[in-house]
Every structure is written in C-alpha cells, then in structure tokens.
C-alpha cells in the first residue's frame, strides 16, 4: 500500500481500519468482562458469516487450495494440442503413399500434391505414410498439408466449449448449489475425457473435446463461486487474481506428463484421471453458504450453521459465534431472499462513466483472453524441437503476470488499471520488434531464444491485465449491476476467444505476423484498460484515543480492511 495513503488520517482506508479496530476492541472487552457470554456485536459492514469466520483463515486457505487444483486439468485440456498434434516434417516423417501413383505421376517436394508429368496438372494427395515414432493426432486423422487447418478447428471446439461451459455453470447455479455443480463437472469431465481420447472419428473427437471443455469450465466457474463466498475484502480479490497461477502450473507440468506417453490417446487418459483426486478432496470442500441461505431449502440453515461453526473452529474464532447464531442466519436468509433482482443489461449503460466502463472492459478482456490462450498455442510456430522449454517459459511468464497484478492491486489501488494498461502497451511494442530479426541469418537456437524473449514479455502483461480485470472489474459498478456486468463482459470475451486458433494460421505467412497480431491486441487491450477507473466511496472517519495503542495482531496491514469500494460475493460468477 502507498505510504502516503497510510499516513493520511482522513484517507478512506485508514478510517475504515479505525472503525474495524474500534469494533474488534469492543468485542474483546465484552469477551473479557463476561467470559460466559458469546453475544458479540457484528463489525460494521459485515454479515454474521463474515463476522464468525473472518476475512481469511486456515479454513478458507484449505478450500482455496483444493479448488485451485481444478485449473490444472483445465489447462491440460486446453494446451494438450501442443503435444498431441506436433508438426510433422515432409519426406522424413510423412510422405504421400506412392502405391496410389500412376506411372506418369510424381509427388511434389512438400508431399502434398500428385503432379502429372505429361499434363502438368496437380491433385491433392489423400493417402499418407508416417514414420514418426510418436503416434499423434495428426497421423490418425491425416491432418497434414491442406488439412493442417483442422488442428485449429479442434482447438476452436475446445474454446467454444469454454464459452458454453461458463454460461451453463451460471445457469445451473440458479437451481443447483455450486458444490454440486462442481461435482457434476468433475464426473462429466472424466467420462468426456476418456471418450475424447478413444474417438477415432474426427467429428466425434471434436464433439467430445468441446464437451470436455464444457466440463472444465463448469468446474472452475462453480469453484470460483465457492471460494469467493468464503473470503472477503482484499483476500477475495487476491484469491481471484491468483486463481490462474494453478492454470500456469498445469502448463508447466504438461510437457513432463506428455513425455511418459508415445500415443495421443494415452495423453488424454493421463490428463483426465487426475480429476479423481479432486473428487476425493470434495469431502473437504464446503458449499457456498449464502447460496444455500438464498436458494436452498428451509432446513439448509442448519447445514450452513454446522458449516460455519466448523470453519470458525478451524480458524480459532469460536468466540465470535453469537448465542443467537441460528436466528441471525435466518435473518440473513430473509435479507438475501428479499433483495432486489439484478439490473437489466440496458441499465448497465446508465450512470457516471458507465458507457466508458462497459466499452473498455468488454474490449479489453476480449483482447486479453484471445492473447492468453492464443499466445500459448502460438509457440508451435517456433518449431517442434523447442516445444518443451517454450511451454515452460510461457507458464512462468503467466505466473509472473498474476503476481504483478496482485502488486498493482495492493500498491496502486485506484490507478491499478492504468499501470496494467501501460504495461501491456509497453510489452506489445516490444513484441512487435520481432520483425527486425524475422529474416535475419541467425543461428536457429538464438533466433528461437529471441522469439521467446519478446513473446514472454507480452504474455506476462496479458496475464497481469486479465487476472486484474477478472478480479476487480465489478468495482466500477454498483452492487445491483455487478452480476450482469461481469457475466456480460466474460461472455462477450469468450465469444471473441473463438478467433484465437485461426490467428495462429498466420504463421504460414511469417512467424512475426502471428506474434505481431497478438502484440497489437495487447496494445489495444492496454489502451482500453486505461479507460477504466475505480470510483472512490467516501467513508466516515472515526478516530479514538485508544487507537494510538497498537495491538500487533489487529494493527497488521494484512488484517486491516482497506477497501473503499463495496464488494459483492457474486461478482465473480461467470
């Protein structure tokens, strides 16, 4: 946090902190004066669930780490095409089947056409022989020469599944609790993953690859809804920002996993069955308490009470449980059920800077989501021999970007959008410099190294901006508009995400062209991100003489509530 902000007594963050400390000291005094009483007042701005389990603790950390694991198989299903369909070299690893040739026919050097020596006419070769030691997806479906475009086509169906899965999970959570939606996604992903690996019809393979992506999206969407309901304030935003780090961990480990198999079917089995671990860990994964109160049955209040009591016990906050805990949960349930409905989409355009925020967030996230997926797949353009180190480098670049987003969020708060946008503009300009050595006569390893350097910088910037937008974009809207706003922005971005696989086809013209296209999108997204600005909500300043006496635990900046914008539990539902 900025030092000048902390030292200013009139700042919104300090005033909120003073109010929090005042109520916490009052709670402590009541507890010490009456050891048999558990009736403690709620801290200002918190409901009874937040008051009992706290903003963050061991219970929330355990839940977050378990749910974060679902991002690993999600990243494997997205990026597995890098290793299930590696590029094959003509003549040495595949050739047109010579048994189908007539005496006056020959095969072109690229093994893609059959040429008649007498008439000069060409025809596309349709039968191929392969001598590659890895049995790839390309070999089973003959995805070479002109059919190479179908590699991008399979990826298109995966990304379409991500779009459908996010919408499906959101609609399912209207009637089914997030934990049950999470479990349904796990079971369906295991079944669809196995069928995808064993499908020997190309259309069937694409269909089940799409369904596998739907299941992955259902898992990480419902999982995010769970931990977003259990964490509060700075910890909630931090958890959402770091959610993609486990996606990147999956990308880093994918080359090692793929190295154990010599058949693309076995790779699919290898990335599918680890989901069984998530099913085993489900017993330690709680449900969303506010969803149960708002949408559940009448007896779900007892279930929520037991859940929150368990969380308070693990967090060592049992003294925070009031004597009328169940009555307060019933009151919270009635409040949630009587709340106003979400705003209509047309209402999102009304209000201060509303049009600017709508346009900026929609366009920025679209550009960054396309880049986030497409730039990873684009490493196939740099050569098959460098897939493993390039994939690992991209994974570490994504992790670095997530931590930069967390740094901007903690240090610059209101101006974090401009820092993230400026970073992407700068990184995009660096990435466009690849034209300078695109056709230079350099050592192949040196050229690939240079390519990766200028590719990882914008990749880190894209990861930074995407994580920040996903976690913090709801700050720019009032509470009634947050849910439809986030849903609109994410869905719009995932529609444009479908174009990512086809941008990689530009590598056929020049490697620099596909990379520069992504970097141009980074610059465009950075400009749109700079248009966003978090509004400031004034807080009343409360300063007590006793606040000068610092309690080491309560005065820690890690536990102080410094938010000046009302947060919403459902602002992450996709």
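Keep in mind that glycine also has a Cβ here, set from the backbone N, Cα and C atoms.
TrEMBL labels come from automatic prediction, so no person has curated them.
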Segment assigned the feature transmembrane segment in TrEMBL (from 338-358, 359-379): 359-379
TrEMBL annotation (transmembrane segment) - matching range among 105-122, 123-140, 177-194, 267-284: 267-284
Stretch carrying transmembrane segment according to TrEMBL (options 20-41, 42-63, 64-85): 64-85
Matching range for TrEMBL feature annotation, transmembrane segment, among 211-228, 301-318: 211-228
Range annotated as transmembrane segment in TrEMBL, from 417-437, 543-563: 417-437
Residues of the parent chain within Cβ reach of the transmembrane segment (449-471), under 8 Å, 6 or more residues beyond its termini: 237-238, 240-244, 248, 361, 364-365, 368-369, 371-372, 375-376, 378-379, 382, 386, 389-390, 393-394, 396-402, 404-406, 408-409, 416-417, 420-421, 423-424, 426-428, 430-431, 433-434, 437, 442, 489-490, 511, 515, 518-519, 522, 525-526, 529, 572
Chain residues outside the transmembrane segment (64-85) and at least six past its termini with a C-beta under 8 angstroms from it: 136-138, 143, 151, 154-155, 158, 162, 182, 186, 189, 193, 209, 212-213, 216-217, 219-220, 223-224, 226-227, 231, 239, 242-251, 253-255, 257-258, 264, 267-268, 271-272, 274-275, 277-278, 281, 284-285, 373, 376-377, 379-380, 387, 391
Surrounding residues of the transmembrane segment (359-379) on its own chain - C-beta under 8 Å, 6+ positions past either end: 78-79, 81-82, 155, 159, 251, 386-387, 390-391, 394, 398, 421, 424, 452, 455, 458-459, 462-463, 465-466, 469-470, 473, 476, 485, 488-490, 492-494, 496-497, 499-501, 503-504, 507, 514-515, 518, 521-522, 524-526, 528-529, 531-532
Stretch-level contact, the transmembrane segment (515-534) and the transmembrane segment (417-437), CB cutoff 8 A, at least 3 pairs: yes
The transmembrane segment (391-410) vs the transmembrane segment (211-228): 3 or more CB pairs under 8 Å: no
